[in-house]
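Following: one structure in structure tokens, then a few remarks.
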Amino acid sequence: MSKKKAAAPRKVGVIIANTGTPEAPTRKAVKKYLSQFLMDPRICPMPRPVWWTLLHTHILGKRSRASAEKYEKIWTEEGSPLIAITTSLESGLNECYADRGLPVMVRAGMSYGKPQIKRVVKELKEAGCTELVVLPMYPQSAFSTTGSVSDGVEKAVRRARFKGDVCLIDGYGENATYVRAVAASIRNAGFSEESGDRLLFSFHSIPLKDIEAGDTYELQTGATSLAVAGELGLDRRSWTISYQSRFDKGRTWLSPFTRPTLVRLAQAAEPGSRLFMVCPNFAVDCLETLYDIPAELEPVYRAALAGEYVDADEEPGALENTGKATAHGPAPTARPTAAARPAVARGAHRQLGPDDDFVYVPCLNKSRAHLKVLVSVLSPYVGEAG
């Protein structure tokens, strides 16, 4: 009589996934990273053969040089902030599950750059994991972010011949622990509606064609903002939503954009008021927050507040608006002319008061609150392991 092979004990491999980062703040490393990132089928804006040629003959050289200079300004002794913070979260989660006696192994994996998702899947398989739980660290999922992680995991699982169950968590922007953590971070930064403070939720923009194809990202950003504002007890007039980091000018992107929104908020600001800006879509601070906000967005707000001329156009020369309505109201049928664009003209200067301020609220990063969020999100998938 043949003996039945005993089933392997359950062991859950968890991958906390993110976009990735160059290995170094050098032109060579950034070029390698960008070539991976920009050739992702979910990212490239045109047929791949045409895009490859354009990318390697016109784009990568200039863009890698400019991006390397930006990365150099945010680089730390630990390396890339995104990698350093994510590695810290990996360690924190492993300690948490070890303390609870749960057979869970957590590893960080990146869609582009290192540590590669394919290597992480192989490592977890070799470590005896019987199932995988993938947590893309995008609270609001999108085709271009969570979708890319999903693509990478599927390829990695096939390559590693992993036979266990694989579960991908598709967003957690309404998770109660997450909402409370974001609200607490805003409150801890000093936000006070009673003092006249205003709040801007700025999310990464995505191509409008993805929304038209069924991506629910815009609805998710609205739901998160409503939930956080509700947790803070805010009046609807004290907060607004915008979208930043549009990649190219050849496509129409989800708006309103952050740059013109900052100009508008500066124009409407009362003397002594403060603007708080939070980016709930980013689980950890990265180039788009550590560089873009202090170097490119905050100066726009301060200049407009001081009455200096500010071109409110996010990307001069972009295509005309499609004219389709969004959750935030009807979109204009065409881009405004330069003369009609909102801007603060010279001569409209007012004296800045001592309490006028712009406050960026950092991401949850490697805080204990963030660990609690991740444990809460993962709990339904690993909480009963063992």
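Backbone N, Cα and C atoms are what each Cβ position is placed from, and that goes for glycine too.
Checking the ranges 18-42, 318-342 against TrEMBL, the region 'Disordered' annotation falls on 318-342. Least crowded of the binding-site residues (His204, Glu288), judged by neighbouring Cβ atoms within 10 Å of its own Cβ: Glu288. In the three-state DSSP classification, His204 (Fe(2+) binding site) falls within a strand.
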